[in-house]
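Here is what TrEMBL says about this protein:
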- B:5-184: domain 'Guanylate kinase-like' (DOMAIN)
- B:Gly12, B:Pro13, B:Ser14, B:Gly15, B:Val16, B:Gly17, B:Lys18, B:Gly19: ATP binding site (BINDING)
2 protein chains.
Amino acid sequence: MKERGLLIVLSGPSGVGKGTVRQALFAQEDTKFEYSISVTTRKPRQGERDGIDYFFKTREEFENMIENNKLLEWAEYVGNYYGTPVDYVEQTLEDGKDVFLEIEVQGALQVRKAFPEGLFIFLAPPSLSELKNRIVTRGTETEALIENRMNAAKEEIELMDAYDYVVENDNIELACERIKAIVLAEHLRRDRVAPRYKKMLEVE
Amino acid sequence: MKERGLLIVLSGPSGVGKGTVRQALFAQEDTKFEYSISVTTRKPRQGERDGIDYFFKTREEFENMIENNKLLEWAEYVGNYYGTPVDYVEQTLEDGKDVFLEIEVQGALQVRKAFPEGLFIFLAPPSLSELKNRIVTRGTETEALIENRMNAAKEEIELMDAYDYVVENDNIELACERIKAIVLAEHLRRDRVAPRYKKMLEVE
């Protein structure tokens, strides 16, 4: 009676500190997520191992994966492909383990389509809630700078709509705690737990 | 821009340890819920203070509260009334504080009608998940005893359907941690957080 794992997607605007939070999470002993290993066409750097840091592929192999729907999401950055292999994710979830993805906003939107039941967490810049103070205590920043920041904030807030939870990254430790609380709480949702109990009683 | 508090309702079958878990929760320094003070017609015991342990009322006063819809839920036990005063709960939520109710299953169903947006947590007896083992390793218990327990378990599992979360009380510390994770996660739900951000940007 193994419970299928949860797909946890951490995303947010670039520069918000997704990678730092992910590293801090995985440095904690009680973190039980499996980190989803990405596929890439870039060359391995010193010390990087295939199947641990990345799955290293040629462009041809990667493009075959795209064609055969073997990627949950993918993108091209500075001439290299990066993507999330769907088989690895599926297999790990089936094994009852939670899978953790840390990806860009565009990738998260792609994953949402394939895995609407995933847990989508938006990592929000603390600057968003500091914004009000900055606006109130003008003078230190130019009007143009504030307006730029306001427009960026509006876009960031609109992005949130595709997510289930919002975690402010005002403090890395706190952000990690919040993410772990979200995952724990999701495992305790009645609509996940009750069917397990019901199944248990059928055993006779 | 004060966020309205959450109404947290902890309930479950009698004997599951609701009171013990509640006391353990409130003994922890970082628990920030307000405990909802009940109204009762029973006499104060030594050391009990009005407005702290209970709101002590006469039967007439209590029946007036029932008539005037001043109780979120109420019941009569061994000749005394017990209930949850709606004004106290409302005021505390408005102040932005989370209110914690620990009540019987029948009371919880009443509260759900008045506060469908509340957070309903079912405390489940560990015996429920031990049941399968007991069934498998028969012999130590009589058939009749197992059947009784099976029927009780079926009723308990049906009760869960009115709740949002299920927390197994296999260990008091763990049960407290799970409850706190649920409350934290609920505060981070996008549909609660995003409107606050949106409101913030309207300040100009």
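Using N, Cα and C of the backbone, Cβ positions are placed for all residues, glycine too.
Looking only at the domain 'Guanylate kinase-like' (B:5-184), the predicted model's pLDDT averages out at 90. Within 8 Å of the centroid defined by the CB atoms of B:Gly12, B:Pro13, B:Ser14, B:Gly15, B:Val16, B:Gly17, B:Lys18, B:Gly19, the record's ATP site, lie the Cβ atoms of B:Leu123, B:Pro125, B:Asn169, excluding the listed residues themselves. Between the candidate binding-site residues, B:Gly12, B:Pro13, the densest Cβ environment within 10 Å is the one around B:Gly12.
There are 21 other Cβ atoms within 10 Å of the Cβ belonging to B:Lys18 (ATP binding site). On its own chain, B:Val16 (ATP binding site) has B:Leu123, B:Ala124, B:Pro125, B:Asn169 as residues at least 6 apart in sequence with a Cβ closer than 8 Å to its own Cβ. Taking every protein chain shown into account, B:Gly15, B:Gly17, B:Gly19 are the binding-site residues, and of these the Cβ with the most other Cβ atoms within 10 Å belongs to B:Gly17. Around B:Ser14 (ATP binding site), the same-chain residues six or more apart in sequence whose CB sits under 8 Å from its CB are B:Glu104, listed in sequence order.
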